[in-house]
4 protein chains.
Amino acid sequence: MAPAGAKKGILERLDAGEIVVGDGGFVFALEKRGYVKAGPWTPEAAAEHPEAVRQLHREFLRAGSNVMQTFTFYASDDKLENRGHTQRFTGQQINEAACDLAKEVANEGDALVAGGVSQTPSYLSCKSENDVKAIFKKQIDVFVKKDVDFLIAEYFEHVEEAEWAVQVLKTTGKPVAATLCIGPEGDLNGVSPGDCAVRLVKAGAQIVGINCHFDPETCVKTVKLMKEGVEKAGLKAHYMSQPLAYHTPDCNCQGFIDLPEFPFSLEPRILTRWDMQKYAREAYNAGIRYIGGCCGFEPYHVRALAEELAPERGFLPAGSEKHGNWGSGLEMHTKPWVRARARRDYWEKLKPASGRPFCPSMAMPDGPFLLRLLSHADTSN
Amino acid sequence: MAPAGAKKGILERLDAGEIVVGDGGFVFALEKRGYVKAGPWTPEAAAEHPEAVRQLHREFLRAGSNVMQTFTFYASDDKLENRGHTQRFTGQQINEAACDLAKEVANEGDALVAGGVSQTPSYLSCKSENDVKAIFKKQIDVFVKKDVDFLIAEYFEHVEEAEWAVQVLKTTGKPVAATLCIGPEGDLNGVSPGDCAVRLVKAGAQIVGINCHFDPETCVKTVKLMKEGVEKAGLKAHYMSQPLAYHTPDCNCQGFIDLPEFPFSLEPRILTRWDMQKYAREAYNAGIRYIGGCCGFEPYHVRALAEELAPERGFLPAGSEKHGNWGSGLEMHTKPWVRARARRDYWEKLKPASGRPFCPSMAMPDGPFLLRLLSHADTSN
Amino acid sequence: MAPAGAKKGILERLDAGEIVVGDGGFVFALEKRGYVKAGPWTPEAAAEHPEAVRQLHREFLRAGSNVMQTFTFYASDDKLENRGHTQRFTGQQINEAACDLAKEVANEGDALVAGGVSQTPSYLSCKSENDVKAIFKKQIDVFVKKDVDFLIAEYFEHVEEAEWAVQVLKTTGKPVAATLCIGPEGDLNGVSPGDCAVRLVKAGAQIVGINCHFDPETCVKTVKLMKEGVEKAGLKAHYMSQPLAYHTPDCNCQGFIDLPEFPFSLEPRILTRWDMQKYAREAYNAGIRYIGGCCGFEPYHVRALAEELAPERGFLPAGSEKHGNWGSGLEMHTKPWVRARARRDYWEKLKPASGRPFCPSMAMPDGPFLLRLLSHADTSN
Amino acid sequence: MAPAGAKKGILERLDAGEIVVGDGGFVFALEKRGYVKAGPWTPEAAAEHPEAVRQLHREFLRAGSNVMQTFTFYASDDKLENRGHTQRFTGQQINEAACDLAKEVANEGDALVAGGVSQTPSYLSCKSENDVKAIFKKQIDVFVKKDVDFLIAEYFEHVEEAEWAVQVLKTTGKPVAATLCIGPEGDLNGVSPGDCAVRLVKAGAQIVGINCHFDPETCVKTVKLMKEGVEKAGLKAHYMSQPLAYHTPDCNCQGFIDLPEFPFSLEPRILTRWDMQKYAREAYNAGIRYIGGCCGFEPYHVRALAEELAPERGFLPAGSEKHGNWGSGLEMHTKPWVRARARRDYWEKLKPASGRPFCPSMAMPDGPFLLRLLSHADTSN
């Protein structure tokens with residue numbers, strides 16, 4: 001356990017060229033474990049079932065995560081209420097419990113604690129800049145009180161709202177990261193990824209990137225466009241990506257929410273650990289140094305990121321104690337044809353079957369007519 | 001929490017016509033969480049990381065499991081050793097820790113504790129009946145000492161070895177269940193499912209069925225054949241199924257181990273919660289009353305079994321507090337086309353896409369030449 | 001061109017151990033060329049557009065067919081009429097024109113002419129044996145008048161009706177072949193392929209086998225069952241197969257007609273020439289010596305049969321003048337990666353993509369409820 | 001049969017707003033029929049087997065084609081020779097025979113005859129403009145002598161060479177069409193479709209567009225880009241598309257030649273007649289009025305184009321005599337579930353299965369490393 005204060009901050013790590021491994025998304029992982037309700041997606045489990053949240057933090061830590069994000073997604077009072085179920089706990093209680101859990105586990109290792117805010121219904125209903133900023137302000141009060149290590153403005157579909165969030169977060173004096181949930185076509189107002197990144201950096205974000213909504217391939221591609229924009233503008237930043245653990249080649253610009261399988265039949269799209277190693281390598285090659293995940297990530301997915309980048313970092317995560325490199329754990333299997341799978345070449349080349357011969361490989365996204373038309377234009381029967 | 005002694009035994013429940021919901025497989029679930037090594041698949045986590053094992057038990061309990069199986073798969077000293085890594089704990093310690101954890105959580109609800117034995121390397125290397133039985137004897141000593149509620153002989157590919165196991169388990173006086181990991185073609189010596197079941201019942205098993213190796217559809221089909229055999233022989237038994245949570249229409253008689261994706265790229269085959277509801281209904285319709293799962297099952301899969309059978313049982317599991325029936329949690333989504341998914345008809349008919357256009361839907365199993373030929377004979381390009 | 005009378009008959013060829021290559025189905029091939037209407041499927045083109053029918057005969061001859069089947073499918077007056085379009089030609093005229101065309105082209109090479117009858121609406125509407133036989137009698141009168149070389153009773157779903165047909169055909173003194181359009185489960189009354197074959201041989205057929213309704217893999221499997229039955233009964237026969245050129249692993253017992261794609265969207269199922277070579281080899285290995293095709297076969301499919309069996313026969317068909325063995329015609333391509341495809345290994349192993357990511361690989365057959373249930377029992381989501 | 005001189009020319013038709021239906025590609029169609037060798041792809045069949053070429057012309061005419069393209073692809077002496085097989089006929093003989101056949105059949109209806117030139121090895125080996133133009137000059141001499149109705153410069157990957165061709169063709173005084181075999185990314189030197197079109201129009205082409213290499217969806221998209229370019233430049237032209245009859249969503253910029261299935265395993269990609277109707281409608285909506293096909297088109301594909309546009313044109317092709325609108329020919333089928341397919345809605349929505357569960361839906365194109373990288377960037381595992 002690292003003594004308090006002994007940890008290097010997020011910017012010190014990135015400035016030093018270190019790779020920072022993020023964690024995975026809590027709402028999807030805890031939904032599968034029975035503690036989050038799909039639909040509302042609220043994080044009351046932090047107060048209701050702390051042992052479940054603590055255990056997931058521990059698993060990500062063990063898998064190699066250097067950041068414990070507080071489980072505070074959608075944890076403002078207005079959201080908790082309008083999601084239609086009476087809460088036994090106030091937003092305040094949930095936020096504080098989440099900070100305590102993240103901090104407790106972070107201190108069992110060398111991880112940092114990050115508090116996060118995300119897009120608000122207020123912005124979508126066209127409230128004023130002041131109103132929206134007031135919501136962010138209220139959310140970060142608890143992060144300041146609990147003294148998290150840095151802040152993340154994440155899951156924004158409109159760069160304007162993300163700028164406002166960054167401006168509020170900057171008032172705390174803590175390092176600020178900002179990630180949008182957009183694809184290569186840009187934000188929902190059509191601002192390109194490059195322009196989005198420039199605006200976020202100008203607003204004060206030291207780390208910019210993408211989270212959620214798209215698969216790793218798409219996210220890395222989009223962060224590359226952000227990086228090009230920032231460099232072209234003569235600015236500097238660190239880059240991060242926290243994609244889905246689902247293959248989404250068939251998404252339109254609104255991401256996986258419009259896929260017919262969202263959220264209850266996404267299983268066939270789940271990435272393997274080998275897909276994750278590929279993602280980690282591609283992200284690294286693209287200059288991304290904060291590499292984590294979002295919805296769909298399980299601890300073994302995070303471990304795969306840490307394992308792929310072990311040569312660069314010089315160490316494996318604790319969880320690799322229970323994982324043979326590229327399937328080497330199969331070496332002692334009784335069947336020779338299973339032993340033959342204990343090698344990198346095998347898993348890297350395998351095109352895994354779905355076992356679902358009555359299902360297609362791609363889906364047509366739902367959504368308003370224009371979006372359907374657009375996505376239709378780029379695909380084939 | 002149920003007071004000790006207040007619980008009805010497994011046979012009382014089944015004799016009374018109750019549905020018993022099993023749990024899911026621990027080795028695969030804990031492998032994804034970072035506590036079990038694929039390849040050896042040994043359960044030292046029971047002693048090394050009890051909090052992780054306890055948490056998984058709790059999640060299954062909350063999801064509706066009426067049985068906590070002790071996490072003792074492959075927990076005999078000879079296996080723990082020959083798996084090539086030095087253990088910090090003896091088999092005895094691991095077995096005892098596993099029993100304590102199962103019991104602790106079982107007593108947090110109305111669940112029973114089941115101790116299990118499975119097929120041995122000794123049988124495969126043609127050791128004598130006495131030698132094989134001695135191994136089972138040693139394994140059950142700890143179950144007797146810890147006073148588990150009943151015993152399961154599970155994961156046998158040869159009915160003869162399963163018979164020997166049942167004979168040993170019967171000496172404890174506890175109820176005995178026996179499940180083979182075979183498909184409709186029968187055991188690896190070609191004994192039909194019907195004949196297998198008859199032999200197990202005659203050996204003393206009160207509950208017979210199938211676990212692991214095949215998907216729910218195949219397992220239910222095989223249990224049906226077992227039931228026909230038992231009834232034709234004028235015998236009586238209860239029936240159980242604990243299948244994989246993976247679609248395996250392309251397996252040969254050795255099951256999912258021969259699939260090229262085993263064990264590290266099975267993700268696209270994972271069943272959805274709706275697939276699980278279908279399985280629960282088909283199992284119930286086939287007369288199976290002990291309905292659980294094996295490798296690949298996560299807590300939400302078990303919850304789906306309990307939810308499907310809630311009309312028959314009259315109650316939902318605790319975990320349904322966080323789950324809307326047939327997607328009803330989406331009713332308040334902001335996008336109308338996502339709200340339109342909040343209905344049974346939508347999820348039941350959806351053929352989920354894999355997001356993997358470069359991958360096939362079925363795979364050719366590996367294995368010895370003859371098996372490949374056989375499986376080839378029934379398939380197409 | 002072979003002089004009349006110089007040709008060896010069908011039985012002389014088969015008795016001598018020769019391989020006889022059949023032709024392909026005319027109704028599907030001419031539908032694509034614009035001369036047959038899908039739905040009625042009647043052969044008036046023989047009289048209306050003789051040049052189109054003659055050309056197709058020539059192409060099959062050039063591809064290696066040793067048999068020209070008269071284009072007389074559904075050519076009885078009652079069928080021609082009840083198909084709902086006024087015919088400019090009588091059944092008599094159509095049948096005679098078809099015989100003349102087949103004979104003309106057969107005499108341009110070493111091919112035999114075969115006249116065929118197939119199942120009748122009369123049988124399905126439960127008319128008497130005498131009534132049904134009278135229909136066959138009328139049909140063969142023209143074949144006798146035109147002096148075809150042998151007769152084929154083909155496309156029967158009920159062995160009883162096929163027996164009646166064989167009995168009538170036998171009265172001509174010409175050699176008789178009989179093929180059912182059934183799969184391994186047997187005819188629509190549940191008579192097994194082995195029993196069907198025995199009954200056909202006992203009725204007088206010298207050649208028995210399967211045509212239409214299923215893919216080559218299924219047809220070869222079914223003919224194998226017929227052969228086992230005939231041999232077990234101590235009888236002797238020659239064997240033939242004329243399958244579809246469509247992959248149909250997802251058929252129920254009624255064959256491709258119940259597939260949702262029948263008849264206008266079967267394109268993705270079309271066999272490649274390499275699939276055809278595999279079929280020819282498997283048919284040969286199964287002891288089948290009359291190897292041809294049915295619906296979906298194009299001339300290059302027949303040529304592939306003749307090419308695969310050229311080592312056994314000692315000669316290539318005329319059409320191989322325009323076909324490099326196993327893709328060798330690509331050897332001079334300008335791009336090295338296309339030249340690399342000029343080898344057997346490449347084409348034999350290739351798993352061709354469909355270019356249809358929104359489509360499944362298997363379909364659920366339509367049909368009455370019971371059939372759907374049965375087919376459902378053997379498949380997976 | 002139209003009297004010579006009575007036919008309206010191609011430009012008169014297009015200027016009058018008429019839809020002109022093209023024909024399909026001869027090399028692929030005749031390869032399947034046994035008269036063209038894949039690899040060399042030379043058209044000696046025009047002289048060797050005129051009856052086969054005439055029949056294919058007739059089928060396209062009957063299907064609705066308003067243009068008979070002379071079967072003269074790759075018919076220059078240098079190509080005929082360097083393709084490595086001794087020819088029994090000179091290039092001159094082949095070209096003249098091809099013109100005669102096209103003209104004979106065109107005069108059986110209201111079709112025009114078009115002579116064509118395509119890209120030369122000389123251009124690729126960097127010969128001078130004069131050398132390349134001399135080749136085109138020699139090729140068109142026969143078209144002038146045989147007095148074809150108009151000329152097509154088709155299948156060019158570099159717009160520069162196409163410009164040279166157009167300049168030569170213009171010297172004849174006949175109308176000139178020019179089509180490139182490029183996708184939306186532009187020609188192989190990276191010239192955009194819009195710029196390519198402008199250059200072709202400026203060189204004198206009255207009709208511009210795309211043929212071969214890509215599926216209809218891609219070709220229509222590319223012609224749209226050409227049209228936008230031409231209109232933006234203040235120029236005027238007519239537009240044409242003659243795409244593949246294969247689905248190619250997975251192509252890189254070199255088109256279907258780089259797909260692993262080219263040319264011998266493209267079957268699963270073949271478009272249905274309903275796909276063709278969709279193509280005709282989309283082409284029409286995009287302002288394309290010369291709508292035809294290239295490799296893979298069979299007569300029924302062309303008929304589908306003519307049927308889809310029958311409402312605009314006021315008439316059906318002769319071949320529709322044998323085709324029920326949207327499957328209406330199934331209305332009298334004996335099985336009710338097949339009769340239920342006799343409607344537009346059924347065929348339009350059907351996602352046809354491939355019957356190939358071991359095959360993927362998309363392929364990774366072969367080709368040089370950079371191309372692979374590029375295509376990889378846009379796809380997913």
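Even glycines carry a Cβ here, placed using N, Cα and C.
The model shown is predicted, which means the values in this text are computed figures rather than measured ones.
Cβ neighbour count for C:CYS295 (Zn(2+) binding site) (all protein chains, 10 Å cutoff from its Cβ): 24. If you look up TrEMBL, you'll see C:CYS212, C:CYS294, C:CYS295 marked as Zn(2+) binding site.
For C:8-309, the entry in TrEMBL reads domain 'Hcy-binding'.
Each residue in the domain 'Hcy-binding' (C:8-309) has a pLDDT score, and their mean in this model is 95.
Every protein chain shown contributes to the tally, and the Cβ of C:CYS294 (Zn(2+) binding site) ends up with 29 other Cβ atoms within 10 Å. Sequence-distant contacts of C:CYS212 (Zn(2+) binding site), defined by Cβ-Cβ distance under 8 angstroms and a gap of at least six in the same chain, are C:GLY25, C:GLU154, C:TYR155, C:CYS181, C:GLN242, C:PRO243, C:LEU244, C:GLY255, C:CYS294, C:CYS295. C:CYS294 (Zn(2+) binding site) falls outside any helix or strand according to DSSP and counts as coil. Cβ proximity to the Zn(2+) site centre (mean Cβ of C:CYS212, C:CYS294, C:CYS295, cutoff 8 Å) flags the following additional same-chain residues: C:GLY25, C:PHE28, C:TYR155, C:CYS181, C:ASN211, C:HIS213, C:GLN242, C:PRO243, C:LEU244, C:GLY293, C:GLY296, C:PHE297.
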